[in-house]
Structures are given as C-alpha cells and as structure tokens.
Amino acid sequence: MRFSETKTLWNEWEIRVLVLASLFLQLFLISLGGVRKRNVSATIGLLLWLFYLMADSIAIYALGYLSHNQDMSGVPDNNPHLRAFWAPFLLLHLGGQDTITSFAIEDNELWTRQLLNLGSQIVLAVYVFSKSLLLGTTLLVPGILMFVAGIVKYGERVWSLKSASMDSLRNSMVTPPDPGPNYAKFMEVYSSSKAAGLNADIIVEGERPPDVAVTVGGEDERVEYSRLVSEAHGFFKTFRRLVVNLILSFQDRTKSQSFFLPLRPEQAYKVVELELSLLYDILHTKAALIRTVCGRLLRCTTVLSTLAALVLFTVRDKDRYDRIDVLVTYVLFGGALGLEIYASGLILFSYWTYVEAERFKCRWFARATFVILKFFRPEKRHRWSNLMAQYNLITYCLRDQPTCLSSLASFVGAKQYWDKFWYTEQAGVSPELKELIFRELKNKAKSIEDVESYRRFGEHRGQWALQRKGYYKEFGWSVEAEFDESILLWHIATDLCFNDNDVADASSLSHLPATSRAISNYMLFLLVMRPYMLTAGIGQIRFGDTCAEAKNFFLQGQKAPDERGATKMILDVKTEIAPTRVKGDRSKSVLFDACRLAKGLTELPAHKRWKLIGVVWAEMLCYAASKCRGNFHAKQLSMGGELLTVVWLLTAHMGIGEQYRVEAGHARAKLIVEN
C-alpha cells in the first residue's frame, strides 16, 4: 500500500478512531474511578491518571478536528451531517463520569478553568453542528436533544468540582453569624432604670459548661451493621467540618463519645471507614449533586434526551450515510445510554440511597437496597486499602548502594522517588494494631476530666504512656525532644530491640513486637516521604545525618553486615557519655542517642518492654494524626487512604485533639429592677 493510500485511509478513519477512543476512555474511567480509594498500586494510579488526562484531551482534539475539516472545504467528508452529529457526544464525554470528577483535590480548585472550557467547547460544538445545518440536515432535533444532554452533563462536572473545592466546602459548613445578646438594648434599659432612680442590679448566669465526662454503657457493645451505616452518615454531616479545619463543639464531642466508647474496635473502625468513604464521594465524585432533587432531575433530563435522540435517529432515513459512520453513531448512543444506566445503578444501590430511604420511612426499599449492598459490598470488605507503608532506616542504610541509576536519580532530583520505589513496602493493618490504638484512645478519653486535662492530653506524644507505665524518669528525655527527633529515636531503638538476640523471648508476647515495629516503620515513612503530614521540623535533615553516620559506621568492616549484625555493632558501642558532648550539635544524627534508649529498654523484661514500646508508638501516632491539617488527610483519600487519616478521625470521635475549642457559650444576664 502506497503512502498516499495509507494517508487517505487514515484521513477517513481518524475521526472515527478519536470518538470511539473517547467513548472507551469513559468506560475505563467509570470502571476504575472508584477502585483507587481501596488500592495503593502505583500501576493502577498511573493508568487512571493517564486515562483521566487523555479523556479530555482526545475529546477536545476531536471537536477541533471536526471544526478544522469543515473550515478547510466547507464539506468535511461524505457524511457532513452525521459526523457533525458526533459533536454533542463529545460534550457528553467531557462531562466525565460519576465515579471520578477529579483525580486529586487540587483539581477541584481549578473549577473555574473547567467553567471556561465548558463555554469554549459548547461554542465549538455548536459551530461544528451549525455548519452542517447550512447544507440541510434531518438530524436537527436529535442534535438539539444531544446538546441538551451534553451541556447538562458537562455542567454537572463543573458544579461538582466547584462544590468540592475547599472554599465552597468551608462556606457550606460555616454556621450563620451570631451577634450574641443585644448588649446595646440591655444597657439602654439599665441606664434608664438608673436615671429613674430605680435600684437596678445585674445578675450574670454563665451558660452551663459542657459535661466532658461521659458515662459509658456496656463495654464492647454489639451494634448492627445497618445502624453503623446510619450513624456514619449522621456523624459525617458534623465531622466533615474537620476537613476544612473548622472546630466542633463539646456537645458534638459528648454525642460522639457516647456512641464510640462502648463499641468494639472493629465496629468503631468500620464507622470511620464509612465516613471517609463518604468524604471521598463528596470530593471526587458527583454524589453531592446527584443525591439532590435538582441533580436527579438533571440526570433524568440527560437520560430521556439521549433516549429520545436515539429513537428519532433510528426512524430517520440513513441510506445517504456511510454504513460504518451509522454503526459508529449507534455505538456512541449505546455507550452513552449504557454509561448513564450503569451510573444510575450505582446511585440507586448506594449507602446514600439506603440512608435516605430510612429517613423517609420507606423501610421495604431500604431493606432491599441494604441486602443488595451487603451482597456486593460485604461488611468485612474495607472501604480503603487497609495498608500501611513500611520504611526502615537500618534496612535502607544497608541496601542503599550507589549505582548508575540511583546516581542519575540523584542528579535529576528524583532520589526520593527512587528510594520510595525501592525501599518502601506495604503491610496490612492488623486487627491487633487497630485494637492497640483504639484501647489507648479509649483509656485516654476516660481519663479526661475537665477542659484543662483535655488540653493536656491532646499534647501528649509519649509522655502519658511513659508516666502511666512508670518509666518517664528513665525515658522521658526521648519524648520531650522535637517530634521528628523522638520518631527517629524510637524507630531505631525499636529496631534494635526487635533484632536483638532475645527477640525469641519477645515473640511469646504474640503480636506486640511485630505491631510496634510496623507502627515504627510507618511513622518513619511519614517522616521521610510525607513530611507535610507531620509536625516534623527538620526531620528530613535529621534523617539524612543519621543515615550518613550509620552508613559510615557499618562500612568500617570488610563487608556490610546484615540487620542482626548491624544491630550487634550498634549495641556494642559504649554510650556512657552522651553523643552530643563528644560530637557537638552540628550533625543532627541521633543514631547513638537511639542506642542509649535501646540499651535502657533492653534492661526491662521482654513483656514490659514491648508493652511500653507499643503504647508509646500508639500515642505518637495519635498525636501525629491530630496535628495534621484536614486538607492533607483529604488528599490521601484518592490514593488508597492512609492509616494516619483513619486514626485522625477516630481520635476526633474519641474526643481527643485540637478539634474541640468551644469552652463556654453566651452568658445569660438578668436585669433586676426594684423600687
């Protein structure tokens, strides 16, 4: 086949390939859009990112192609009317799918750009279609109907992006302005009474302070899953304010505690998972729009317009059109209706629908919906990845050998991505780990007696655990340091204890050593790879200096040791004199400070040692979670979720953290006037 023939063939098929590719990308997006909130796979994330970007690019390019071909000759091809009829389908594709309106929360902030695109692409599509009208067409009415569907669909996307932007979320949650009691009027009456010679006195009664102590009912209360779903939706309406860093009242705290404290750990986590799943829906899907009356009317408009256009197209005479183009048009219709039906099914059989049916007392429909939901989304199925990243300092120092590729990564400024790819692993979040965190939060919540103790407990990052276990005098110095330093100290010390020779004795403690080490590795991952989620200070500098000292220390021998050998080398160093007295503080390394901590811990009996390490790490994790800003937690929802985010919301529900700052309401002043 000669080049000219190939070019002619491609010119004939190019627009067909473009519109079909645009349709198939929509199929991929609606299928994979919801997967990412339960998956941390980099491959799936990359594919979805490419599909998300390509979907808009191809649809816009196809519209431009149609316009360009018409401008070139006035008659774009043998099917001028039919191919111009594809323009509103491309608008429909630009409207995106219900399961993914944004790839990341940053996309929501660019809703004005999408609004501009909406206007420009509508103008371009109308231009393409109107050019075909000059030649006479029988597809005017079907075209208008498809334009209605396409414009509505694209408008839904822009509205969803706007409503999910941080400013819009904050504005929708801010309570109405409160002017407080009418001071001017009160003082006017008071002054008038005084001027009239009356004995006027003011009695001020402060508003009854909130009761922060909660009387807990039966422990480990069993709650039906249907109630957990309903309660999750109820709490979500209140606690979503944390995403935009708004505060909650102590009344919210009391209500939340009274429900969460009696729960079993797995049920408390299930409620939190459901709430975070709802938050994902609000941020990255069209759920906020579709569950409104207006949204449902718009969806009906889209479906009915597309269906009516299909009927009208079917009864039209199509002999004048190319059979392949007619087939492509039917595929576009089938894809459009199929996507709408599938999306409507997702809406109909969702927890949003179940809760709404319960609210309107439509019990039979609620029960039917819940049965279907439990079949496709079993109770035991997690609403996030249930994975925690693992990054270990000693392992990294032993394995990080210079290679051509790693040197190239350093040269182009991508060393962190290289290290994350090669030295980060994923581990499942075990039930034992969840129970450890829940138990510590529960104990802390029960120990809060007043506002002052509430504030004090919110600032603990290991202090309370050491005080409660009676070891603050010995190890308090390690948690009074800067938070990033405390993480590194306890991470290295935990690893040294874990790899020490008596680890076999510690294994009799069942899960505690492995659980403590998992939290330790996870906290180091956050410190190194996601420092924006921690109040980390100079954490990355301190980590780099510690790694440099560790590598130099390990390379003193003929060959690099294994992890157990490295542990023995470190513990064999005499540390009677504090490292800072010998080295000064120019280097921020904490390697041998951690060695001192580990030696102190190894003097404890194995069961006491690992219980202490476990509760210290649990308290550090809860502290880090409560200090991280809400928008950073929200950012992780589209990447499989984050354990820190789950703990953040659980901590808030247990009444701990900076989320509650309301101490008193209005004072009630009474004016007593006597003759």
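Heads up, the Cβ atoms here are built off N, Cα and C, so glycines get one too.
TrEMBL lists 15-35 (among others) with the feature transmembrane segment.
The annotation transmembrane segment is assigned in TrEMBL to 47-66 (among others). The list of residues near the transmembrane segment (47-66) in space but at least 6 beyond its ends in sequence, with Cβ under 8 angstroms from a Cβ of it, reads 14-15, 18-19, 21-22, 25-26, 28-29, 32-33, 35-36, 76, 83-84, 86-87, 90, 93-94, 96, 100, 103, 117, 121, 124-125, 128.
Residues or ranges marked as domain 'DUF4220' by TrEMBL: 49-396.
Marked as transmembrane segment by TrEMBL: 133-152 (among others).
Long-range contacts of the transmembrane segment (297-315) within its own chain (CB-CB distance under 8 A, at least 6 residues past either end) are made by residues 92, 139, 141-143, 145-146, 148-149, 152-153, 155-156, 289-290, 329, 333, 336-337, 340-341, 344, 347. Annotation source TrEMBL lists transmembrane segment at 297-315 (among others).
The transmembrane segment annotation in TrEMBL covers 327-354 (among others).
Confidence annotation: the domain 'DUF4220' (49-396) carries a mean pLDDT of 86 in the model. Distant neighbours of the transmembrane segment (133-152): 75, 80-82, 84-85, 88-92, 94-95, 122, 125-126, 298, 301-302, 305-306, 308-310, 312-313, 316-317, 336; these residues of the same chain sit at least 6 beyond its ends, with a Cβ under 8 Å from one of its Cβ atoms. Residues of the same chain lying 6 or more positions beyond the ends of the transmembrane segment (15-35) and with a Cβ under 8 Å from any Cβ of it are 44, 47-48, 51-52, 54-55, 58-59, 61-62, 65-66, 69, 83, 86, 89-90, 93, 96-100, 284-285, 324-325, 328, 331-332, 335, 339, 342-343.
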